[in-house]
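Reading through the structure tokens given below for one structure.
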Amino acid sequence: MSYRGQSWRTAPLTRVFAAAAEARVHETPVRPARRLKVKCSPPPEEPKPRCGGSGATEATTESQLPPAERLRGPSTDHGLRMEVMASLFKRFVRMKERLVIGLAAFTIAFTILIVMDLQLDLGYSGHHLLPSHGRLKMAEDPQRDTVYNNFRRKFLQRLNTSKEIISGSGSEPTSVTPTAVEIAKNSRLRTTSSSHSHDDFADLREYVELAEGVAVESSIVRPSAESSEDNPTIAEVKHLKLGSNSTLLEKFHLQIRRQELYPKGSQLVEDLLHFMAIQPIYHASEKSGGTQLKLVIDYTNKMQALFKPMRFPREQQTLPNHFYFTDYERHNAEIAAFHLDRLLGFRRCMPVTGRLLNMTTEIYQVTDSDILKTFFVSPAGNLCFHGKCSYYCDTGHAICGSPDTLEGSFAAFLPSKSAIPRKVWRHPWRRSYHKRLKAQWETESDYCNLVKELPPYNEGRRLLDIIDMSIFDFLTGNMDRHHYETFKIFGNETFTLHLDNGRGFGKPFHDEISCLSPLLQCCIIRQTTLDTLLT
Ligand SMILES: Nc1ncnc2c1ncn2[C@@H]1O[C@H](COP(=O)(O)OP(=O)(O)OP(=O)(O)O)[C@@H](O)[C@H]1O
Ligand SMILES: [Mn+2]
């Protein structure tokens, strides 16, 4: 039996057992060549075996081996064994190398898969870190001794009747969101059964009151440092005078002061609200900027208002699985926010009123072709339109009348940017606007110390204004405070406008403590704001 036609891998073994096989060779019938499988991939170190050949049989006997092969004795067998061992050892080493490379490749691929899963929320890893629609929590350990946690422990342990109440008696969350009216009824039933005495928050007052000998800079309650003398109007700064034919809105613009939009008890505000609610609409066009559809409403005598339409019933709360940034805006939130801002004595919100519109005569017939193209009649026979905007302007998010009556908010228009420019500031406590990522302030409880170092927060009123705004947003439940604006002509020593409050009042029975983070992390509050809140 010859090894010449065998694979190079089996050739040495053939040689070892050649002699033992010799006897059987004579008995074994010669196999035809076509039955033998001949491999034609020789090892580099051996001579190339004959492939195919002339078609003659490959069966050879030991007598046909070269003489040197035949003459090999026991020492030759030993050598062969060594050769076999060496060959096996080489194979083992190669296999080991391949195994190591394979394992390394698998580990890398697995790591990439896990990272991708966590980033893209594919769900293969079983959401160990965070449920995809879970609410982002304050990252601090609640037991840590921080300003935020101390405040929580000391003052927020009171019985909180305004906590979210799940409808029904069981604690099982229902899939249907209860309406605000249902919850209010439920809540009233519970509260009337036990009488509550008024809490004057004496312990809180004592804690925060400016103690004798304590420097103002290190106190919690800060007196309003604004000088009442340094409070000019736009008219004074720009040297403008009212004309005999000035509109209500022009009058309003010119009386805006460095420290507030309008004075306490302003009759002009009442007149403006009334005007916007009843005057005929001359023209409606889409307002650019922002994510939601808004219309600029022109009245007959150059008066303007910013219209935000009602999108769903006013009782509809924010859906539990919706983030603040996927929530729709509520026209009634804009209206209520204006009233709350006025009640709190801030006066930083433009006057806003509600109004019922006839969509056919007050929008469709007075608007431009851009919006006209988006009008349609819904299957329910209601007149709808969606306009053009960055996120919520498509058929699925259309604004529909009943059948063509539409409710909305009308905000007095700000002075034109060309006449009175505004500066847009990124809010230092802006949220991440991402379903898993956290903003820096959510992970660092001493974040305020960073902010305090930066202008304009390092001096003057700005930080106190940001804290006022956080209290305002906490009361309205607005988590959508990404930017704020100021009037440039007043420099940095001016109030921050309270614009864009449409995402408030979505969860009227839930207290979103994170809205208060500027207050809790900086631990300072304007004296007048605290007085207003506690009295
Ligand atoms: N009363 C107003 N008069 C004129 N312009 C206004 C008024 N209120 C807001 N704006 C301007 O319109 C822009 C968009 O307004 P707003 O932020 O209320 O819209 P939005 O669609 O709710 O935005 P976002 O998507 O940021 O929530 C703002 O940048 C602001 O400068
Ligand atoms: Mn908004």
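Even glycines carry a Cβ here, placed using N, Cα and C.
Note that TrEMBL annotation is computational and uncurated.
Lifted from TrEMBL, the feature list:
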ACT_SITE  D480  active site
BINDING   Q292, K308, E329, A411, A412, F413, L414, E485, D500  ATP binding site
BINDING   E329, D500  Mn(2+) binding site
DOMAIN    375-534  domain 'FAM20 C-terminal'
REGION    36-76  region 'Disordered'
TRANSMEM  99-116  transmembrane segment
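Overlay of TrEMBL annotations on the structure.
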{"residue": "Q292", "record": "ATP binding site", "Cβ contacts under 8 Å, 6 or more apart": "K308, Y328, E329, C389, Y391, Y392, G502"}
{"residue": "A412", "record": "ATP binding site", "Cβ contacts under 8 Å, 6 or more apart": "L249, F252, L272, M276, A305, M350, P351, V352"}
{"residue": "L414", "record": "ATP binding site", "Cβ contacts under 8 Å, 6 or more apart": "M350, I420, R422, L497"}
{"residue": "D480", "record": "active site", "Cβ contacts under 8 Å, 6 or more apart": "Y324, F325, D327, D500, G502, R503"}
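Maximum intra-site Cα distance, ATP binding residues Q292, K308, E329, A411, A412, F413, L414, E485, D500: 20 Å. Neighbours of E329 (ATP binding site), defined as other CB atoms within 10 A of its CB across all chains, total 24. The Cβ neighbour count for D500 (ATP binding site), using a 10 Å radius over every protein chain in view, is 21. In the three-state DSSP classification, D500 (ATP binding site) falls within coil. For ligand 2, the neighbouring binding-site residues among E329, A412, L414, D500 are E329, D500, by Cβ distance under 6 Å.
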